[in-house]
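Take a look at the structure set out below.
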Amino acid sequence: MAEETEKKYITNEDLKKHNKSGDLWIAIQGKVYNVSDWIKTHPGGDTVILNLVGQDVTDAFIAFHPGTAWHHLDHLFTGYHIRDFQVSEVSRDYRRMAAEFRKLGLFENKGHVTLYTLAFVAAMFLGVLYGVLACTSVFAHQIAAALLGLLWIQSAYIGHDSGHYVIMSNKSYNRFAQLLSGNCLTGISIAWWKWTHNAHHLACNSLDYDPDLQHIPVFAVSTKFFSSLTSRFYDRKLTFDPVARFLVSYQHFTYYPVMCFGRINLFIQTFLLLFSKREVPDRALNFAGILVFWTWFPLLVSCLPNWPERFFFVFTSFTVTALQHIQFTLNHFAADVYVGPPTGSDWFEKQAAGTIDISCRSYMDWFFGGLQFQLEHHLFPRLPRCHLRKVSPVVQELCKKHNLPYRSMSWFEANVLTINTLKTAAYQARDVANPVVKNLVWEALNTHG
């Protein structure tokens, strides 16, 4: 009987071997779990688990899951424990902090941010309709366009929050809020956002695993991209050819203009995913939501009196959303980067190294949607944004205690740092001594004689 109840052990080296399809193991709090079959139904998708299999994932599990998720692990338990199980001082303090926040009820107390934002979005939508349908001046139409851009920004924050935690009274209403704020109002699939955003959170600033840094041929935040890295997220080579070299060489000049048209790329990414062979949760609902957007938006634009006004309406609305695209890049482009998969053993350290906070007064929190506290958000993605400011000093102290970076700077300083990062890579891209992969189309267009 004693033998039956005796614990079974494997080492971390043994655990690493279970990282292939059909044999996927992870460890949480020293207990080993087999997620080979369960990965197909994981609410957060398979990518995040595949990036961490064969290792301890305790910190990531704590960050992304509510307390109710722990009981789901029971039926996945292999019976094995990790013999050489150790917890670093950083992880110990992080877990203690997460437990304290949970005791204080911070994860459950969501405040009224969602209600206020939804009301604000509804008011702006009515304002846009009034400006287009009831006004005749060009100026009023441009104000409506700018208002629409601001609406898209705020609506994206609702979609972002609802993807991390339940912002409504139940999960069904939460899903409705996702589809409304993402697909119907902005034309960007919430399924696409969750697919890429979860991967970004887990592999923060990994050049080959984080999709938010993979913008070849337009941008390269590091010279490591010059060796044509393979994207482990998109499963394709990020070829640094003559076209990429040319574009990257001037990226510090093209950065802001490209941001003005960032939405077009998101539209394209949405359709690429929805028409792909990938398993897409709620594909039909995502299609329906996108159809709603591409019904009301062109119809609204068509109500303007002539084509020049229609063009400038679209241009202005897209340009306003550049503020949000810039914010996304300010949080990461100039932070530390690395090549390789994320690791569970230094999860906190990687989040601290890969993020930059934007300092602002509290009355501007609505504008940034909580993302100005980027490190706090990455450490506690389920924490409602109304609490991010109050936990910021605690996070800062923890970083100071363990000699980890805590970068917080003004909007202007972050812009300067980002441009300098792009400029540094741009100048190195111009070095003809660095070999590049030949682009046959480019070569043909530039052949003389």
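Cβ from N, Cα, C; glycine included.
Which of 40-44, 160-164 counts as motif 'Histidine box-1' depends on Swiss-Prot, and there it is 160-164.
Check Swiss-Prot against the ranges 64-68, 89-93, 374-378, 389-393 and you find motif 'Histidine box-3' recorded for 374-378. Cβ crowding, taken as the number of other Cβ atoms within 10 Å, peaks at H65 among the binding-site residues H42, H65. DSSP assigns H65 (heme binding site) to coil in the three-state reduction, placing it in neither a helix nor a strand.
DSSP places the residues of the motif 'Histidine box-3' (374-378) in helix, strand and coil in these numbers: 5 helix, 0 strand, 0 coil.
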